[in-house]
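Structure first, then comments.
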Amino acid sequence: MTPETFPPTGPTGLLRGIVVKSTGSWYVVRGLATGELYRCRLRGKFKIKGLKASNPLAVGDIVDFTVEAQGEGAAVISHITPRRNYIVRRSVHKTGHVHIVAANIDQALLVVTLVSPATSFGFIDRFLVTAEAYHIPVTLLFNKTDLYDADGFEYQAEIAGMYASLGYPSRTCAATTGEGVPEIDHLLDGKVSLLAGHSGVGKSTLINALVPDLDLKTAEISEFSDKGVHTTTFAEMLVVRPGTFIIDTPGIKELGLVEIPPTELAGYFPEFRALLGQCRYHNCQHTHEPGCAVRDAVDQGRIALPRYDSYISMLAGEDNRH
Ligand SMILES: Nc1nc2c(ncn2[C@@H]2O[C@H](COP(=O)(O)OP(=O)(O)O)[C@@H](O)[C@H]2O)c(=O)[nH]1
Ligand SMILES: [Mg+2]
Ligand SMILES: [Zn+2]
């Protein structure tokens, strides 16, 4: 698509679209009615209450815009609809500010691997805690199952069972062979899904398997974004089919960093949450206190030890992002 295919000049009503890419100064917006791409800029200043963000708009934002003239950057965004949710990371440009990675996410799919490389529980749990804080449901995707031996499948089932009991479903797949991919495609249907996972787990391979004509679609979007800007760290929304979107987050391993006060952390572990209020001390942090219901549950095997370990290391502010 070229700028010549923009709708004609003239007094037009507001169009509504979804931001599919943001490079800071320009936004690529897909019209919801037409499916067409528009290169947009923002009118005036947008402020979101209580949020010091280095970028006013992010992928997934629903915006209203007008096409004011023909040609490059002709569309102007005048309104953003309230966000259902959003994820942030610390801004690399402005201290004390956050960078909004994406907004209005229906679900996150966390790609993990047990071999080549092995994703750590610390990484998984940190992601899950953050997703709890953002109210974003997560499904774990165990990729590279073609590399498993018999023990591998048994181990995977054990871990999947543990997370399922906490309310986190999972799927298995092998992105390179296509095994399990139709089931994941089904999972995406009619939703905005964020794909995450650390480097090397197979996110790009999976996106290739899920998004038809990926190269063409990516090229089409980059035609509309700022060419001078290095964009590989910006999230990008891809259309799997109309109404079904996937957000690729290159260079973003985790769901941002919300500052969770230590006293609230246990509340983001579903299996701890059920026990809160049963500890002897109301301000129990579940580390060393006598009469701790959480530690009792760990001792009795009702809480999995890796989960408790993740809690302790997050409480200590340890960086287990690998
Ligand atoms: N054996 C196997 N290799 C895979 C699978 N999925 C991805 N890979 C390989 O893992 C490597 C990293 O994949 P890539 O998609 O770039 O991972 P990303 O960093 O998460 O985007 C590549 O060499 C892929 O070919 C899989 O299901 N099975
Ligand atoms: Mg990749
Ligand atoms: Zn306790």
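Note that Cβ sites are derived from N, Cα and C of the backbone, with glycine treated the same way.
The feature domain 'CP-type G' is assigned by TrEMBL to 93-255.
If you look up TrEMBL, you'll see 103-253 marked as domain 'EngC GTPase'.
In this view, Thr205 (GTP binding site) is surrounded by 16 other Cβ atoms within 10 Å of its Cβ, with every protein chain counted. The GTP binding site annotation in TrEMBL covers Asn143, Lys144, Thr145, Asp146, Gly197, His198, Ser199, Gly200, Val201, Gly202, Lys203, Ser204, Thr205.
Annotated Zn(2+) binding site per TrEMBL: Cys279, Cys284, His286, Cys292, in sequence order. Using a 10 Å Cβ-Cβ cutoff, Cys284 (Zn(2+) binding site) registers 22 neighbours.
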* Structure fact -> Keeping only the binding-site residues of Cys279, Cys284, Cys292 whose C-alpha lies within 10 A of that of Ser199 (GTP binding site) yields none
* Extra residues within 8 Å (Cβ to Cβ centroid of Cys279, Cys284, His286, Cys292), Zn(2+) -> Arg280, Tyr281, Gln285, Thr287, Glu289, Gly291, Ala293, Val294, Arg295
* **Those binding-site residues listed as Val201, Cys279, Cys292, and which of them has the most Cβ atoms within 10 Å of its own Cβ** => Val201
* **For the domain 'CP-type G' (93-255), the mean pLDDT of the predicted model** => 89
